[in-house]
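The structure appears below as structure tokens.
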Amino acid sequence: MEKENNIALSSAGTSRVRQRKRSNEVIPEPSKPNGGTLLVDDRNKYKSMWIRTYSTVWMIGGFALVVYMGHLYITAMVVVIQIFMAKELFNLLRKAHEDEHLPGFRLLNWHFFFTAMLFVYGRLLSQPLVNSVTPDKFLYQFVSSLIKYQMAICYFLYIAGFMWFILTLKKNMYKYQFRQYAWTHMILIVVFTQSSFTVANIFEGIFWFLLPASLIVINDIFAYIVGFFFGRTPLIKLSPKKTWEGFIGASVTTMISAFVLANILGRFQWLTCPRKDLSTGWLQCDPGPLFKPEYYTLPGWISQWFPWKEISILPVQWHALCLGLFASIIAPFGGFFASGFKRAFKIKDFGDSIPGHGGITDRMDCQMVMAVFAYIYHQSFIVREGISVEMILDQVLTNLTFEEQQTLLAKLGQILQDRLGHS
């Protein structure tokens, strides 16, 4: 009997050890139905394609309407998307049981969010706001004061949130609260750092927002279509339905689309003119050399087969090829990052409620990566170096009071009169 008991105890002990070892092992995620199935082999692909096409048409139509309405409405759309993204990310690491013991703690996240929004958009939109209220002396002085002390206001708002956080710390909840505090700051860095470039692109001219955004959409659509019909070779494990065929086909299509689309969009002043104020009126400006067509004579053998003897190309089309190359090769990795992020936390996309668009977060990450590159490219290779009259006027209107501006005008007039007298 003692031997049998010893044997039973030893076998129970070994089974416990095995269970402990198994519990420490990393168990791979169970594969979902059709999760690793390529689109070309998916039986429901035509139904999925129809739903995706139908919802895409409506989304593109709504997006086109917002673009037509102008810069402020596009900026409002970006802000709304930011709020939804922040809401989903804030909820990601929240635990209902802990939040019950921390009343009002959720409001702290939004306090930091709107403080960051005031800081980022206050700096981005300060000059357009000044230009909008210049005719009204009282508003001009009020807005100038706000802009002057904007950084201090945001700093003290942040300090107020920091003190609020310290005062809400509770015993046995420290780890959870500090995790939420760090998570909130990471969200603010990711969301605002990248999306602020999007708003900056909008006010440089809708062209610099619309073209990069369109290239991401085109790349995503044709990666789906080519993979739908020809995809056989998996591209990356994070996105099982992505294929090399779809990736290469979408890259070629995006490059061609970038060259053609830049020619079409670059001919509308509404899209190419920068917005210097916060009005919604129609824009007229000198498009600049980038948007003035250059004519090239075609070889004789081409004119024999086609009715064209020359073609017109906008210089911006050559820059568009660089944007297309980035949208084809680098920007998709933003989507892969989002896919890995969702798998790591085992969460669904907030776009799952939209039929056929369960990967909206992936596309938004691609758009953000693309927006940063478009802004850096524009500032590095497009904007002319040196000091312009507009830059000086912006500094004068922003940093000098009305009386100082009058003094500057009088002195400048006197200097010009002296120079004319000597000449």
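Positions of Cβ are set from backbone N, Cα and C atoms, glycine also.
Bear in mind that the values here come from a model prediction, so they are computed numbers and not experimental data.
The region 'Disordered' feature in TrEMBL is assigned to 1-38.
Annotation comment: TrEMBL describes 7-16 as compositional bias 'Polar residues'.
TrEMBL lists 57-86 (among others) with the feature transmembrane segment. For the transmembrane segment (57-86), same-chain residues at least 6 beyond its ends with a Cβ under 8 Å from one of its own Cβ atoms are 109, 113, 117, 121, 187, 191-192, 195, 198-199, 202-203, 206, 209-210, 217, 275, 278, 280, 350, 357, 361, 364.
Remote same-chain partners of the transmembrane segment (107-126), defined as residues 6 or more beyond its termini with a Cβ less than 8 Å from a stretch Cβ, comprise 79, 82-83, 86, 90, 147, 150-151, 153-154, 157-158, 160-161, 164-165, 168, 180, 184-185, 187-188, 192, 196, 199-200, 203, 278, 398. According to TrEMBL, the feature transmembrane segment maps to 107-126 (among others).
Sequence-distant contacts of the transmembrane segment (146-169) (same chain, six or more residues past either end, CB-CB distance under 8 Å): 102, 104-105, 108, 111-112, 115, 118-119, 122-123, 126, 129-130, 177, 181, 398. Summarising the annotation, TrEMBL assigns transmembrane segment to 146-169 (among others).
Among the features that TrEMBL reports, transmembrane segment is placed at 181-200 (among others).
Positions annotated as transmembrane segment by TrEMBL: 206-231 (among others).
Residues or ranges marked as transmembrane segment in TrEMBL: 243-265 (among others).
As annotated by TrEMBL, transmembrane segment applies to 316-338 (among others). Away from its own ends, the transmembrane segment (316-338) comes close to residues 207, 211-212, 215-216, 218-219, 223, 236, 238-239, 247, 250-251, 254-255, 257-259, 261-263, 266, 290-291, 359, 361-370, 373-374, 377, 381-382 of its chain (Cβ-Cβ under 8 Å, at least six residues beyond either end).
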Can you tell me which parts of the same chain pack against the transmembrane segment (243-265), counting only residues 6+ beyond its ends and a CB-CB cutoff under 8 A?
38-39, 207, 210-211, 214-215, 218-228, 230-235, 271-272, 313-314, 316-317, 319-321, 323-325, 327-329, 332
